[in-house]
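According to Swiss-Prot:
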type    : residues                                                       : note
COILED  : 27-61                                                          : coiled coil
DOMAIN  : 141-443                                                        : domain 'NB-ARC'
BINDING : Gly183, Met184, Gly185, Gly186, Val187, Gly188, Lys189, Thr190 : ATP binding site
REPEAT  : 517-538                                                        : repeat 'LRR 1'
REPEAT  : 539-561                                                        : repeat 'LRR 2'
REPEAT  : 564-586                                                        : repeat 'LRR 3'
REPEAT  : 588-610                                                        : repeat 'LRR 4'
REPEAT  : 611-633                                                        : repeat 'LRR 5'
REPEAT  : 634-655                                                        : repeat 'LRR 6'
REPEAT  : 657-679                                                        : repeat 'LRR 7'
Amino acid sequence: MGGCVSVSLSCDREVNQFSQWLCVSGSYIQNLSENLASLQKAMGVLNAKRDDVQGRINREEFTGHRRRLAQVQVWLTRIQTIENQFNDLLSTCNAEIQRLCLCGFCSKNVKMSYLYGKRVIVLLREVEGLSSQGVFDIVTEAAPIAEVEELPIQSTIVGQDSMLDKVWNCLMEDKVWIVGLYGMGGVGKTTLLTQINNKFSKLGGGFDVVIWVVVSKNATVHKIQKSIGEKLGLVGKNWDEKNKNQRALDIHNVLRRKKFVLLLDDIWEKVELKVIGVPYPSGENGCKVAFTTHSKEVCGRMGVDNPMEISCLDTGNAWDLLKKKVGENTLGSHPDIPQLARKVSEKCCGLPLALNVIGETMSFKRTIQEWRHATEVLTSATDFSGMEDEILPILKYSYDSLNGEDAKSCFLYCSLFPEDFEIRKEMLIEYWICEGFIKEKQGREKAFNQGYDILGTLVRSSLLLEGAKDKDVVSMHDMVREMALWIFSDLGKHKERCIVQAGIGLDELPEVENWRAVKRMSLMNNNFEKILGSPECVELITLFLQNNYKLVDISMEFFRCMPSLAVLDLSENHSLSELPEEISELVSLQYLDLSGTYIERLPHGLHELRKLVHLKLERTRRLESISGISYLSSLRTLRLRDSKTTLDTGLMKELQLLEHLELITTDISSGLVGELFCYPRVGRCIQHIYIRDHWERPEESVGVLVLPAIHNLCYISIWNCWMWEIMIEKTPWKKNLTNPNFSNLSNVRIEGCDGLKDLTWLLFAPNLINLRVWGCKHLEDIISKEKAASVLEKEILPFQKLECLNLYQLSELKSIYWNALPFQRLRCLDILNNCPKLRKLPLDSKSVVKVEEFVIKYKEKKWIERVEWEDEATQYRFLPTCRLR
């Protein structure tokens, strides 16, 4: 009997448990619709809480001084995961509801409905749990202050991860204060140090400031101090005039109060930190120094006992890098190409620079014959002894692959500049034209188009590097420059063909055995005070003497034996006040740059230079006159910007006589602008114009400035003028235009014009890119609605190509434009100071296409609080882009 009772109790318990399970399981199915509705409601509540928290974070983080708490980020990340699961459930809910039968009490597939219903309940509990956790008193904390400028870096990096971790970990060790990285050129030292710099920008490391300095060969204390001073905000006219000891003291006084990291790229000798003003890093101050160099010996001199060698890539990583550069399409274009590509990779000896350059060169070679030719050419690299001789022929292959001798000559020409020198593209193309690499017979515009095409080819071939911030400059990698000089000298056989001793501190002419063999000579950036002698340079075509700040005198005999000289650059020689009359003997001269010199008059002999095409006289602030310039019958470009000599009626008459003139940059007073209507050739040629009134000559100013709609005008600056209105008129030489139009005007600067109330004339500049308006006390509108209606037959939408708008000290400014504008290209809106009445910006929720790249910079905290946004959507779109400067 007792046994029966025991069995009965056991069965009852199991039946009870089964019935409970059945009840719960049944609820998964029977209550599915209600559970889904509860889940949707709970998810809506959770999303609302998330949006509230995210909004708080955005408002607190946009200044850059705070960062979100880790626990808040975990909560937000978990919501994202939950939301994905919720969307997954929701995507099949209709099918699951239709699977139910018997009024929802059963299912056509009980197992499937049970599993789905259980997922709904489990997710509902998680959502409710997350919702209850989403109550935060604070959502951000003070961000660690680490001033780091993130540097651009190539997209394809292979084989450096382990070395990056090794260097970073070493740098973070308490007992390590200086880290030295050494290795051959082109091996990736700069890339590695750049990654270290950028890692600081992401992780901080507890440092106040990270300073990046490119040192290079023959660097001076002044150059290094200037780079550090710029980062610390010390630069300026007064600071530049101090001696190195005073600058060192200033640097030291700033850095001794900071925990800093100093990154020195490409040092060739010991850098005396004390002389520069940098406190020596130690355990006490917690500061760090890291540097790259070609020499292990330099590491020892810098006090590094265990420097890290950056070696070439191993075979596997080298092959991976070449594959990425060549691309799968090219490698797959013929079954034999991968095998030949491996041979090419082996010939590069693991040098990243060679792999990058040759990989990009071969990326469009898709025939087996081209790859066979590549392996044949690269085989000759083994015929040279020494590392340099193994590298340069490899690099030369990309040079050999350039189409045409003109492109090759243009590339080699870039090696005349110092290491790491940023060369302005426009200046470089003018050099190329005068050298004859580019023909100008069909006009300046076509010649420049060809020049930019060549530059694009050289950049894409990795033979030139385009500026990271300034796209108008290019530079050369050190090893590529060495290769170019090697080619210039006929692979080292005739080194005197090209003398390049730029930026090495010369104070007298170099010793050259055979001056008659010299074709190009670059002595720029040196310490000449006088240039004496009469070298017999009968083959000399190019002579660079610019940036010799101490140069006072050039002897009369110096230019006597240079009959072939076509390019002479004497710019930025600030102590040079006169030129010898013997310059008239440079009968082949086509390019003369005297910009930034202190010359007071042009030598009479200059008038004899009948082949002169380009004359640059910008920033010649003591130059009294250029009368007689009409004798230069071949002149095409005249640059006079910021010169003491301005465009007056007499000069206009002379320039009108120059039949080949195509480009002028000049200053002019507002009262003389109207004279341009009388001199059509001069008007057509003006590309940069600087309109300035002289306080001592008020009779030259006007109340209404009438601008001729100059088609070629690219840049206009109106500074300290007294006019109260600017009007546009069609020019006599463009009468066929319906409306006056500045079709090429891209840059406008207006400063200190207190009488102006609006700039409505900008409606006639449809291709404007940069607009800067400063210190116009009575300016009320950029574009006036009333005036626009009076001058236009139909509405024109302004600023469609505007990229940067800079406004400063405009106390009466109320409006930029009366309606919201699309601003398809706008990247930066600067409201720098004292624009208190500008409350409404021409923005709505659809303005600015790439809002993620857009920034609104402002200097007064109260200003952003007074902004009247179009609506909440507009505020939500643009408030995170605002940055307090």
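Including glycine, each Cβ sits where the backbone N, Cα and C put it.
A sphere of 10 angstroms centred on the C-beta of Lys189 (ATP binding site) encloses 23 other C-beta atoms. DSSP places the residues of the repeat 'LRR 5' (611-633) in helix, strand and coil in these numbers: 3 helix, 3 strand, 17 coil. Just so you know, the Cβ of Gly183 (ATP binding site) picks up 20 other Cβ atoms within 10 Å once every protein chain is counted.
Each of the binding-site residues Met184, Val187 was ranked by the number of other C-beta atoms within 10 Å, and first place falls to Val187. Same-chain residues at least 6 positions away in sequence with a Cβ under 8 Å from that of Thr190 (ATP binding site) are, in sequence order, Asp265, Asp266, Thr292. Report note: the ATP site is defined by Gly183, Met184, Gly185, Gly186, Val187, Gly188, Lys189, Thr190, and the residues of the same chain whose CB lies within 8 Å of the CB centroid of those residues, excluding them, are Thr292, His294, Ile310, Leu351, Pro352, Leu353. Within 10 Å of the C-beta of Gly185 (ATP binding site) there are 19 other C-beta atoms, taking all protein chains into account. Note on the repeat 'LRR 4' (588-610): residues 430-431, 434, 546, 563-582, 616-626, 628, 631-634, 639 of its chain, located 6 or more positions outside it, place their CB under 8 angstroms from a CB of the stretch. Taken through DSSP, the repeat 'LRR 7' (657-679) splits into 9 helix, 6 strand, 8 coil. Per-residue pLDDT, averaged over the repeat 'LRR 3' (564-586), rounds to 94.
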